[in-house]
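Listed in TrEMBL:
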- Arg24, Gln25, Ala26, Gly27, Arg28, Asp73, Tyr148, Ser203, His314: substrate binding site (BINDING)
- 19-28: domain 'Uroporphyrinogen decarboxylase (URO-D)' (DOMAIN)
- 136-152: domain 'Uroporphyrinogen decarboxylase (URO-D)' (DOMAIN)
- Asp73: site 'Transition state stabilizer' (SITE)
Amino acid sequence: MTDNLLLRAARGQAVPHPPVWFMRQAGRSLPEYRELRKGIGMLESCRRPDLVCEITLQPVRRHHVDAAILFSDIVVPLQAAGVDLDIVAGTGPVVASPIATMADVSSLPALDPDAVGFVAEAIRLLLAELGPTALIGFAGAPFTLASYLVEGGPSRHHVKTKALMYGAPDVWHALCARLADITLTFLRVQADAGVHAVQLFDSWAGALSEADYRRYVLPHSRRVLEGIQGLPRIHFGVGTGELLPAMSEAGADVVGVDWRTPLDVAAGRVPGKVLQGNLDPCVLFAPWEVVEQETRRVIAEGRKAPGHIFNLGHGVMPETDPDVLTRVVSLIHSS
Ligand code: 1CP
């Protein structure tokens with residue numbers, strides 16, 4: 001496994017071509033996923049090790065990507081800790097009692113590692129099946145988790161989240177400290193069970209200015225990343241072009257970049273960091289000539305970094321033709 005392309009690239013070692021995997025590679029773009037999920041709720045499917053194993057393997061079998069990402073969700077550890085929430089089809093996570101006060105934060109339970117034993121079990125099943133393919137574990141970063149808990153669900157502008165951050169910074173920091181504990185516990189369970197790398201998703205951090213990111217978010221994400229040692233750590237957010245230097249200070253080995261910032265520009269902003277990204281997920285809907293040209297551009301720009309893991313700039317969209325993803329993988333592998 002030390003020879004796995006993804007692990008080599010994450011350490012900045014020479015690779016014949018970039019390793020490739022796709023955020024949200026498991027899921028609704030695959031007919032075999034839609035078939036398997038029929039009649040089974042999202043959170044229920046995350047709690048069943050047999051289903052997690054099968055859904056995680058589906059894109060590996062189909063696309064021959066260099067890494068699998070554990071099928072789960074960023075809110076799984078919150079529910080396991082006892083937060084009343086659901087993942088509603090077509091919407092996303094919905095929280096029954098959003099957090100607004102210090103009393104709400106104090107009643108947020110800690111995560112008992114045994115409460116996510118189903119994740120450790122799924123990882124054991126996966127490691128027996130995966131062979132040379134790397135397995136990536138993941139968790140949500142404190143800011144992105146806080147956004148769901150404070151807003152009560154998906155949000156465009158994160159108004160309540162920012163209002164809490166600016167209006168009650170003590171409550172905000174107490175909330176993020178608790179979320180950092182939950183995230184760290186969740187990642188440690190995955191690392192102990194044997195995942196080869198982890199990704200911290202701070203998907204919505206790009207909503208913040210650099211100054212606010214540094215003041216309200218960076219210390220908490222840093223505590224999470226510094227608490228996980230001995231395996232490559234990837235740190236990703238959307239719209240974070242202006243935050244890349246600050247995010248890189250949180251301590252990850254690999255910095256994820258969305259499609260807005262060319263990788264050669266990103267490499268200049270975070271010298272010495274391995275990069276992950278950054279084909280625009282919408283390009284997959286373009287004619288193949290454009291997909292090929294854009295894929296080659298991303299590979300060429302990625303050469304400016306000490307290492308490059310090919311990915312999309314954000315997750316695979318549900319309507320994506322999976323055959324295009326398979327073609328992109330084979331193009332990268334022959335590049
Ligand atoms: O029924 C379904 O299929 C629900 C759709 C779905 C899926 C397939 C959700 C609800 N979560 C997932 C799986 C999931 N979530 C994975 C699977 C592994 C893979 O990548 O293949 C991962 C990594 C996540 C992580 C996740 N969940 C993030 C971070 C990644 C990102 O896309 O930025 C976020 C923000 C969530 C919250 C969430 N869960 C589900 C949805 C639709 C959302 C987003 C809601 C919103 O727009 O705010």
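In case you wondered, yes, glycine gets a Cβ from its N, Cα and C as well.
The structure displayed is predicted, hence computed values, not measured ones.
A map of TrEMBL features onto the structure.
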residue: Arg24; record: substrate binding site; DSSP class: coil
residue: Asp73; record: site 'Transition state stabilizer'; DSSP class: coil
residue: Tyr148; record: substrate binding site; DSSP class: helix
residue: His314; record: substrate binding site; DSSP class: coil
So how far apart do the substrate binders Arg24, Gln25, Ala26, Gly27, Arg28, Asp73, Tyr148, Ser203, His314 get, largest Cα to Cα in Å?
23
From the Cα of Asp73 (site 'Transition state stabilizer') across to the Cα of Arg24 (substrate binding site), what is the distance in angstrom?
10
Report the member of Arg28, His314 (the binding-site residues) whose C-beta atom has the most other C-beta atoms within 10 angstroms.
His314
How many other Cβ atoms sit within 10 Å of the Cβ of Asp73 (site 'Transition state stabilizer')?
18
Can you give me the Cα-Cα distance between Tyr148 (substrate binding site) and Asp73 (site 'Transition state stabilizer') in Å, rounded to a whole number?
13
Count of other CB atoms lying within 10 Å of the CB belonging to Arg24 (substrate binding site):
17
Residue from Ala26, Arg28, His314 whose C-alpha is spatially nearest that of Asp73 (site 'Transition state stabilizer'), among the binding-site residues:
Ala26
Sequence gap of 6 or more, Cβ distance under 8 Å: name the residues on the same chain that satisfy this around Ala26 (substrate binding site), in order along the sequence.
Tyr33, Ile55, Thr56, Gln58, Pro59, Ala68, Ile69, Phe71
The domain 'Uroporphyrinogen decarboxylase (URO-D)' (19-28): mean pLDDT?
96
